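A.B. asks: Right, I'll just put the structure down here and ask away after.
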Amino acid sequence: MLTFNGSVFMPSVLTLIGIPGLESVQCWIGIPFCVMYLIALSGNSLILVIVKHESNLHRPMYIFLAMLGATDIALSTCILPKMLGIFWFHLPDISFEACLLQMGLIHSFQAIESGVLLAMALDRYVAICNPLRHASIFSRQLLTHMGVGVTLRAAILTAPCLVLIKRGLKHYRTTVISHSYCEHMALVKLAAEDIRIHKIIGLFVAFTILGLDIIVITVSYISIFITIFRLPQKEARFKAFNTCIAHICVFLQFYLLAFFSFFTHRFASHIPPCVHILLSNLYLLVPPFLNPIVYGVKTKQIRDHVLNVFFSKRHLDH
């Protein structure tokens, strides 16, 4: 590793320290994180299997739910194995290329998850505000285009950040990242060079994805609520509102954690690093953990199929 004027020139290996200030208890913090990961993995996998094998669930709402489950599995798998390696096995080192790959995958899957939540909101909007045209609008072709579009958007907007770091940053003050995974600003702040362009692009990407998505989702739900409250029958209002509750819960926990993590990392310097890193970890781990639970409890069709799976197994055992 070459050094120049006290800085490191193009380091080949970086070090992730985990949670700053909590190194002594990281082994214990890893236990609930591991439990959350296992529940996320099993819960989302179960939803994927149910949606795949039950033909009556081959509808837009459940196809989007399956997309969300697959994204959650990929997102949590990008972060947890390495994090547990740091917490439990004292393996903090990561190659520069692997760090960039992890950063790119994490931010891409975050963007895909936001896009899927947007697609789910639009699906609910059409289903409630224009139900007669829902089947013709949300065709298989449109679902495919939406899935491809969400993935391409994530890749196109994430790629410039990776290229700028790889090609633009040569000298680093340190190779130690005060984080438990490779995050864009955590990596950029190591540089001994001007990083203003990286901050600008990071803000642009965040607001292009999260900002626009949250605006469209909010407008969609305002229109949905207006339509629901105009329904003449109380039972119809309750039924329509009930189909949205699960998505609203997922939407709120994802975006609230996302914006808190994003702004504290850039603007809230008075917040202790351990608090910020813990919240950043929870932002990546809580949605994959909670989503299958929320949809399993609040979505009758999913709940019924899950119960059928377990009760049919018990019946066979007896």
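Note: Cβ is positioned from N, Cα and C throughout, glycine not excepted.
TrEMBL labels come from automatic prediction, so no person has curated them.
Feature table excerpt (TrEMBL):
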TRANSMEM  28-51  transmembrane segment
DOMAIN    43-295  domain 'G-protein coupled receptors family 1 profile'
TRANSMEM  63-89  transmembrane segment
TRANSMEM  101-122  transmembrane segment
TRANSMEM  142-165  transmembrane segment
TRANSMEM  200-228  transmembrane segment
TRANSMEM  240-263  transmembrane segment
TRANSMEM  275-297  transmembrane segment
A.B. asks: What mean pLDDT does the predicted model reach across the domain 'G-protein coupled receptors family 1 profile' (43-295)?
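C.D. replies: When the pLDDT values over the domain 'G-protein coupled receptors family 1 profile' (43-295) are averaged, the result is 90.
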A.B. asks: Can at least 3 Cβ pairs under 8 A be found between the transmembrane segment (63-89) and the transmembrane segment (200-228), with each pair 6 or more apart in sequence?
C.D. replies: no
